[in-house]
Amino acid sequence: MQIIDGKQVASQVLEEVERDIARLREQGITPGLAVVLVGEDPASQVYVNSKVKKCAELGMNSRKIVLPSDASQEELLRIVRELNVDPSVHGILVQSPPPPHIDEAAVVLEIDPAKDVDGFHPENVAKLVLEDETGFVPCTPLGCMRLLKAAGIETAGANAVVIGRSMIVGKPMAHLLMSKQANATVTVAHSRTKNLPELCRSADIIVAAIGRPAFVTADFVKDGAVVVDVGINRVEDASAKRGYRIVGDVAYDEVAPKCRAITPVPGGVGPMTIAMLMANTVKACRQQTGA
């Protein structure tokens, strides 16, 4: 059984990104990422700070813009419009989820698709479906594909089941797996899917992205399957230092022995998300500057 080490693969991606940034800087170009946060959600603050820190480590410019939790929709849209026309900013990310009074879809629509390094704008969604590589793919599914490639997993002709149909992971993951580059046969499962364990047992590759701790158990998985666990769930644990531990959507201890390969949580898909965000930002910089 192979444990797919996301930290190691992310490190390789970031080394490539750092080399790309160094080459761009030799031409007088420094990629720039702007991250906008509305409110004081502690988890969002951690995510934003980790992105800003990673930019600095790689030699990339970053800008963190924090708005109060009662900031208006129009105020947020105004900032996005300013960033759209700022030539020093190549990637724009509005940290999700925003406060309830903010219309997230409207914010995504306001971001220039050329700077939408999250890959959520309808133009980039269309490019993913059309397999137009000038678009941006959401970072988590892009990272999952890189993990499969790094682990030497053959996707062509494989039966893949993606559990979850979100715009952030499930749907783009399905499109990536069925693309002409991957050539898998894909089933997307969700809360209304019948006989889910039986369906999953037919899969060579399972991608779990539903946000339910330890949902995928051993009876979902055939011997020799590959399991990619996208879930990041906090579970109360009095014995843990913080009072909780992080677990995935897969019951790792019982599923792993059956697998040909599996991603752990933490240390699997998680590190790939920020690595692919950095890669998307460099790609955006290149496309905008013609470098």
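From the backbone N, Cα and C atoms, a Cβ is placed for every residue, glycine too.
Arg165 (NADP(+) binding site) falls within neither a helix nor a strand when secondary structure is assigned with DSSP, and so counts as coil. Residues or ranges marked as NADP(+) binding site in Swiss-Prot: Gly164, Arg165, Ser166, Ser191, Ile232.
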- Task: Can you check which residues sit near Gly164 (NADP(+) binding site), meaning Cβ under 8 Å from its Cβ, same chain, 6 or more apart in sequence, and list them in order?
- Result: Gly170, Val188, Ala189, His190, Val207, Ala208, Ala209, Ile210, Gly211, Val230
- Annotated NADP(+) contacts Gly164, Arg165, Ser166, Ser191, Ile232, maximal Cα-Cα distance (Å, integer): 18
- Task: Can you tell which of Arg165, Ser166, Ser191, Ile232 has the least company, meaning the fewest other C-beta atoms within 10 angstroms of its C-beta, among these binding-site residues?
- Result: Ser191
